[in-house]
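Notes follow the structure.
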Amino acid sequence: MNSMHPETLMVHGGMDGLTEAGVHVPAIDLSTTNPVNDVATGGDSYEWLATGHALKDGDSAVYQRLWQPGVARFETALAELEHADEAVAFATGMAAMTAALLAAVNAGTPHIVAVRPLYGGSDHLLETGLLGTTVTWAKEAEIASAIQDDTGLVIVETPANPSLDLVDLDSVVAAAGTVPVLVDNTFCTPVLQQPIRHGAALVLHSATKYLGGHGDAMGGIIATNSDWAMRLRQVRAITGALLHPMGAYLLHRGLRTLAVRMRAAQTTAGELAERLAAHPAITAVHYPGLNGQDPRGLLGRQMSGGGAMIALELAGGFDAARSFVEHCSLVVHAVSLGGADTLIQHPASLTHRPVAATAKPGDGLIRLSVGLEHVDDLEDDLIAALDASRAAA
């Protein structure tokens, strides 16, 4: 099926067997436990699943923490889109990141090389070493020299959160050598970027964002090879981090409209970035699709478009940023991203508050997640807020 176009895969991925079952959409199975055939085979099934294996035909799924059919459908669909062997879904994006780090620690490779900026929660988790990892923060050009004998992962996010910096995945994978590369692909989604095609071993999504697309379901998912999938499922089973069946249903449903949502929001974001760049209160607009912001030519080679995230830098630092955000009326002041409505936030105060002072976003930087509203209405609201914040200064 993965020979089909992505738009077709988004609609039909993970939908196998529905016609035979006499239904058009997957059922939501909320069972927390499942009957087992007998004592011996039930025990075998439990051990098989608890050690990270996939459910075998005819076996009992035993317990929802070990295996859930709706979650498995969502995983199948995302794996096809990311050109991966398998995918493993979790309760949140941070649960997915935690599982990857725990799997690295369990393999005796607790050292992580990471390129900033990352999502603030990922940065915080790595910086604390809470899971037994150690981290070397490196620039893209420093990855090869930062790798040690016990390095288990190289972690990057592109475009980066919240600066929209672009990372060359071909370069990163070459520098990492035999060390697996984990790419946070939340901002791009598989519509715009497929990191496995560039050699990444693991592709992580906060499925809460664009994959779900409506701000009403939380989840995380990692697309990867079969070896890593087994390791991640074992961590998931032991830690109890399984995605809830209702969340799996909503996220899987979100995939069916992902391409049209992503491209519509991207078109608006590109137009909005150009319009905002002319405002005197803004010192810089960061958006991959703007002229001069992709010097290495990653658009077209790695990404098929600039996405729907924008970062703005305001003259006047924190006070200007605070006033701007608080004067918005249509655009919602909230964390998260990738939903139908446009969201605005001040990363240094919110998502990136725990990040070390030397790596924290500037006080004048604002992150904008562009939604599905008309570009003229968004422009009117943002320009009015910029003008009001200047007048109040």
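Placed from the backbone N, Cα and C atoms, the Cβ positions cover glycine too.
Other Cβ atoms within 10 Å of the Cβ of Tyr63 (pyridoxal 5'-phosphate binding site) number 19 in total over all chains. Summarising the annotation, Swiss-Prot assigns pyridoxal 5'-phosphate binding site to Tyr63, Gln64, Arg65, Gly93, Met94, Ser206, Ala207, Thr208 and lists similarity to another entry as the type of evidence.
What Swiss-Prot lists as L-homocysteine binding site is Tyr119, Arg367. In the three-state DSSP scheme, Tyr119 (L-homocysteine binding site) is classed as coil.
What Swiss-Prot lists as N6-(pyridoxal phosphate)lysine is Lys209. There are 23 other Cβ atoms within 10 Å of the Cβ belonging to Lys209 (N6-(pyridoxal phosphate)lysine). Reduced to three states, the DSSP call for Lys209 (N6-(pyridoxal phosphate)lysine) is coil.
Swiss-Prot lists Arg367 with the feature L-methionine binding site. Under 8 Å, Cβ to Cβ, and six or more positions away along its own chain, Arg367 (L-homocysteine binding site) finds Asn161, Pro162, Met309, Ile310, Ala311, Leu337, Ile344, Gln345, His346, Pro347, Thr351. Under DSSP, Arg367 (L-homocysteine binding site) is assigned to a strand (E or B) in the three-state scheme.
Separation of the C-alpha atoms of Ala207 (pyridoxal 5'-phosphate binding site) and Tyr119 (L-homocysteine binding site): 14 Å, rounded to the nearest whole number. Long-range Cβ proximity for Thr208 (pyridoxal 5'-phosphate binding site), meaning a same-chain Cβ under 8 A and a gap of 6 or more residues, is found for Thr92, Gly93, Ala217, Met218, Gly219, Gly220, Ser336, Gly338. There are 17 other CB atoms within 10 A of the CB of Arg65 (pyridoxal 5'-phosphate binding site), with all protein chains counted. Under DSSP, Arg65 (pyridoxal 5'-phosphate binding site) is assigned to coil, being neither helix nor strand in the three-state scheme. Annotated pair Lys209 (N6-(pyridoxal phosphate)lysine) and Met94 (pyridoxal 5'-phosphate binding site), C-alpha to C-alpha distance, rounded: 13 Å. Pairwise Cα distances among Tyr63, Gln64, Arg65, Gly93, Met94, Ser206, Ala207, Thr208, the recorded pyridoxal 5'-phosphate-binding residues, top out at 25 Å. Just so you know, the Cβ of Tyr119 (L-homocysteine binding site) picks up 24 other Cβ atoms within 10 Å once every protein chain is counted.
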